Amino acid sequence: MTAIVEFWNNLHPLLQGVIKGLAVIGVMFPIGGACSLVERKVSAAIQGRPGPNRAMPFWFAWVPVIGPFLQRLGVFHLMADGAKMFFKEDSLPGHVNKFYFLLAPVVAMIPALTTVTVVPFGAYFDEAGRMIPLVLANLDVGILAVFAIGSLGVYSLILAGWASNSKYPFLGGIRASAQLISYELSMTLAVVPVFLMINVPGGSGTLSLTDVVGFQSGTWQGLTMASLHGTWFIMTMPLAAIIFLVALFAETNRLPFDMAEGEADLVGGFHTEYGAMKWGLFFVAEYSHMLIGSGVFTLLFLGGWNPLPFVPLASVVGWLAHLSPLFQHPLAVGLLSIGIFLAKVLFFMFLFMWVRWTVPRFRYDQVMKLGWQKLLPLAIGNLIFYAVLIALLQPKL
Amino acid sequence: MPYVVERKPLTLLERVYIPQILAGLRVTLKHLFAPNVTMEYPEQRPPIPAGYRGVPTLVKDPNGREKCVSCQLCEFVCPPKAIRITPGEVPADQPDRAHVEKAPQAFDIDMLRCIYCGLCQEVCPEEAIFLQNQFSMTGYTRAEMVNDKARLYELGGTLPDQHFKWDKKKDAAEHGNAH
């Protein structure tokens, strides 16, 4: 064990970074794929049908109980889908702008996989009891980097829509760009109160997502200001959380804000002309966006890797340490925190699917109206309210 | 008397959306855990109601003889021209079919053309062709989708018959009053 740690520490930092990055991508890609399967299963269950349950490698049928069970679960459809995407004929329409047409899916993947670098997905404690986040790059600009890079995703939609040189994809791209830019505003404004809260005047300012979670990991101290550190921001700022969540749905192009690809009015929207793995990249990028978005929401409003309000990770580790000191090992704490964080993120992935089958798709003008006339004033009002409140309260914090 | 539905203005709670969406989420969550209503087709088959008009088939009389006399009325009436009949004589060396007038040499129904209209069944003077409850016709080639005579009789089987036409003809022939 120590030899491995030694070997790891002696690696070149660049190499370490590459390995860590590949590891994170290696987890995100399969989760994205698995989500596409879960999406089909959840859709089916809500609609009262069994969903994918046919595909099975022929030799797997020999395994007595597990084989049929996995077949009913539809897990092999994931492989079938993947194989199809890789081996199906990848046609390139003759009328497209080839360079940008091929570039668009790649551009879709870049922000999806880049934002993950600043999103912490767990933490452990060093000997001094300080919280060390598990994050690829613990930048102080945290949330700013997420918004800056995440909003680049709109380029892929515009590129795909424009380069397809066809009317429906073009309209899809236009709609998507307008929608994404509109909701970016309210999304960002909804987050500002959170950072007003965690940044004490006079101290060094931070936009790091880790510090947001750090602020939310406190215990119950009675009805005092100190207890604010144990609450989650969804309890103290519910309106901001709702605005952020709605904007997140719009940003990730999920129903009911499915303007970019509304198949009823736009065939397939911006990806009408795409097929095979090029289309698959858009698909994975959408799920990666959802994963990152849910992760950011969890970190900002749901206490990150803290299991419950007023029950931070440190307390849980303390209780577990009574059972066995092994639980205090950084590896165990890291795995526990990642587990808690992932559970919350996966709940949000489920919420995305759940809402998809509940709320019908908005009309385009309704989307714009909601974004500009409802959410944006709400977000501004919310910001002013909390700015005043924090200015009044913070001297006592 | 026209019935006018008055559109009530939405209440504040309805305009806020969130409670309504939560109520919707509750409904869909209930469906998530409700049992499936799907019939899983190849394993489970739907009950076919009596009088269902599926694939046209040829039937035999209670003695196991062909009823079709290859009059070609069905071929003539068939709107999409799906039926092809080659008329033929009944072989003389089959004593149990001695009074059968004629029989088709070949009888093909192209199921890629058939529109299940049932005119062939209506027009058949011998009640030899019936649209029965077979509803699942599939095949991998065009040739597979053409039902030949053997296949038509296999699908059709024997239907109970009230007329016993050939038996009456046989009786008439034996008792010397043919017509």
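Using N, Cα and C of the backbone, Cβ positions are placed for all residues, glycine too.
What TrEMBL lists as [4Fe-4S] cluster 1 binding site is B:CYS68, B:CYS71, B:CYS74, B:CYS124. Secondary structure from DSSP puts B:CYS68 ([4Fe-4S] cluster 1 binding site) in coil.
In three-state terms derived from DSSP, B:CYS117 ([4Fe-4S] cluster 2 binding site) belongs to neither a helical nor a strand segment and is classed as coil. Taken from TrEMBL, the feature [4Fe-4S] cluster 2 binding site covers B:CYS78, B:CYS114, B:CYS117, B:CYS120.
Panel annotation: around the domain '4Fe-4S ferredoxin-type' (B:56-88), residues 96-97, 100-111, 113-132, 134, 149, 152-153, 155-161, 164-167 of the same chain, lying at least six beyond its termini, place a Cβ under 8 Å from a Cβ of the stretch. Feature annotation from TrEMBL assigns domain '4Fe-4S ferredoxin-type' to B:56-88 (among others).
Cβ atoms under 8 Å from those of the domain '4Fe-4S ferredoxin-type' (B:105-134) belong to residues 48, 52-59, 66-71, 73-74, 77-88, 142, 145-149, 152, 155-156, 159, 161, 163, 165 of the same chain, restricted to positions at least 6 beyond its ends. Look at TrEMBL and you will find B:105-134 (among others) tagged as domain '4Fe-4S ferredoxin-type'.
Looking at B:CYS68 ([4Fe-4S] cluster 1 binding site) and B:CYS117 ([4Fe-4S] cluster 2 binding site), their Cα atoms lie 19 Å from each other. When the Cα of B:CYS74 ([4Fe-4S] cluster 1 binding site) is compared against those of the binding-site residues B:CYS114, B:CYS117, B:CYS120, the shortest separation belongs to B:CYS120. With the fewest other C-beta atoms within 10 Å around its C-beta, B:CYS117 stands out among the binding-site residues B:CYS78, B:CYS117, B:CYS120. Secondary structure at B:CYS124 ([4Fe-4S] cluster 1 binding site), as computed by DSSP, is coil. B:CYS120 ([4Fe-4S] cluster 2 binding site) is 12 Å away from B:CYS71 ([4Fe-4S] cluster 1 binding site) when you measure Cα to Cα.
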